[in-house]
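Asker: Mind looking over this structure? Questions follow.
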């Protein structure tokens, strides 16, 4: 029993009772802001019990659905508890999300001012709880360092993108609450010094604190996103941030102007405009907005009794507190006065009061010390942030300067290369400009004339079709009226015949009845003559019969009158029918005359349509003849001798021209079936003329690189094709010969061109498409191995040269071998980069196909890559052999120079083969081009080292003419002149031989094998074969070499220089 009446069982713990009192005082129905002392005690209670269990146990019992002000103040206190309470409060609030959502939905459906605010506030609280549970790195107060922000964002762009979107949603909820509060203040014309306005404005202090941090974090994350993603992808993020920036700036400006906020919070000012995320250096200009809460003066208040001492309610305290406490926990066990428990209770109360006073004093000391530490730390943080911002500015400035210097250097290099390139091309461009411009003007005039003619023909065709449609409609209308009149005539005839038949039937019926009565009368008279004895009896019957006879006679007369009336009606009906027939025949004649007129008009329109369609066909055939005639004239044009084409492209053009012949035959057959529609034939004719002209022009261009006999046969076949095509165009322009056109005659010359193109293709070993992928990897590996072997051999030669030679020769040999070593290293790096770019091309272009299928699909490009790789490996081997001969004094310096030129051309071919399918923004492509420039520089160094070494060695052999007489000098001079002439003749012969060799080399290797041609023509169905001979040199995409008789000094070159690169 004593344990039952102990002080522990009589009262609850003082902290929970104090928390209950603070909750009841903070959350009430008075339209006034929540006092800070009550909110502070609630927050301290959450830290004391390390959670919000007690808070929610009291909050659930509050009548929130009964008062919108009570719900508004509950949301305000919950926001404060979430921000400043114990971290476990967040998890406790997660369990009551449904209660918060129900309160918001309830007040959202009601037309109450505070109710609408409660609906918006609950959405903000739910968003806040979800965000901080998903991202535990961010406390509910949202105050973290930049390092924690970087760690939370991570390095994955998707995570940064998603985090930025969630912060945008968080900021939208905060700004929506502030806008709703200000909107109600404007509507109610409330000021910030009134309690009603302060009740609405008080929660905006927490909103300002949250928004300042969210703004800073979104700026940081957006700058980080712009450093990883293109600007177009983030356009939506920038638009959303700009909208939030202007809303937040207006919110801060309006709040700063209110007296209520000036004594409670120091609101930062945002800049005039949002940050420029497209400029990376703008991050250094960003200043973090800092919200400062000034220290509050201690409020004058009387100490409250934690435990109720007297039996009645204390003065000035609402009775609802005790009622709420009693409802929640029930009446205390020791409510009945008992002398046994009164003394210990008083002692306990006094001891608790002393403890409370002591704890308050300690708490004040702790607060003062904490505030001092906080001020010191804030000053240190501000100083460190200032230093950090200064360093960031310097870093950004240095980065910007570095980028500018790099950009300027790249521009200078590009300008230098462009100047060197343009200086050589300027003269040639000026010569070609006048001829090209004149030809372009002619083509432009011809094109405008064709466009005008085509538009005029289209307009005529449209008018003809419209007139034909109107004629057909009028014809159909006449036929419909004619059918209606015929139907009406037939109906009137049927009605007249029915009435006539009905009258005839009635007349026949009356005649039969009259005959029957007459027969009866005769029978009666006969019976009367035979029965005289019954005369008296029959007299009365006779009277009756006489009466009946009179009645029947009257009926007969009536029937005859009816019959006469019916006959009169029939005659009138027949007369009306005759009049109607006459009118119908007259109208039918008029309609027939109109129909004949319409048919004559239609016939004229049809004939006009046929004439216009034939005129369109004639115009198209004439234009096609002009195109074909122009193509045939190109075969004899001297300017066309500079144009070249590949057999593969010629084959593709000839095949398409053959397909166009089939379409032309179908169009011709369709036109003969329906002469009113020539569109199909005109379209097929236009396509055929262009394809045939293209085939003829490319046939002539292909013959310029072909041997003499095939070239002559190809030219003759092209001429035959042009002649037959022109003959066909002439037949299409003649009405008499149009039905006898045979387009199939064009197949023979086109098939001949196709066959000659197939014969002119390079002859090489056949390789299956499935083996191309493995061959590429094998050739690249072989090239890398050849280069590695070349580097080792050059190092061995350098060691041997150091032991075998000395002095000037050793210096020359070392210089040459060092330049060769540098060249090999540059080539090795270029091959490695080309391999990486090749893998990138295959991965990006093959899609769902395998690597072998990709190589087989792009066989032309693959073969070009194989050829280029072979050329690089072969060039490296030849360079090493030439260097070895030069070092051993067994070779010539010129061989080394030629090998350098050859290997530079081979690497250029490899770069071109790799570049044709690469993305222009690929980093591997940029590195490959840089490696190509390095190879050219190293090759130039090899040539320079070789020439300088040659000059250095040959300078030692000085000429001594001191012992020669005048006659001997003259004799040696003549011998030297003879030698010079012999050497010049030999040089000219060798240059001509070199030109023929290269021309034959182009024919064997295939001029169309360059990688750049794959973009212009489709790959052939059969795979191209790969040769095992020496790979082709880097081919210039210029015109074919001209013959010797076509060269003169106007070209700026001599015939012997034609084969030089």
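Cβ coordinates come from backbone N, Cα and C, glycine included.
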Asker: Identify the region 'Disordered' range according to TrEMBL, selecting from 954-1007, 1008-1061.
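Answerer: Of the candidate stretches, TrEMBL labels 1008-1061 as region 'Disordered'.
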Asker: In TrEMBL, which of 377-396, 397-416, 417-436 is tagged region 'Disordered'?
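Answerer: That would be 417-436, per the region 'Disordered' entry in TrEMBL.
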Asker: Match it up for me: which of 458-492, 493-527, 528-562 does TrEMBL list as coiled coil?
Answerer: 493-527
Asker: Looking at 296-323, 324-351, 576-603, which one does TrEMBL call region 'Disordered'?
Answerer: 576-603
Asker: Excluding the flanking five residues on each side, which residues at least 6 beyond the ends of the region 'Disordered' (576-603) place their CB within less than 8 Å of a CB in that stretch?
Answerer: 468, 471-472, 474-475, 478, 481-482, 485, 489, 492-493, 496
Asker: Summarise the region 'Disordered' (576-603) as counts of helix, strand and coil residues per DSSP.
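Answerer: Summed over the region 'Disordered' (576-603), the classes give 28 helix, 0 strand, 0 coil.
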Asker: Along the coiled coil (493-527), what average pLDDT does this model show?
Answerer: 73
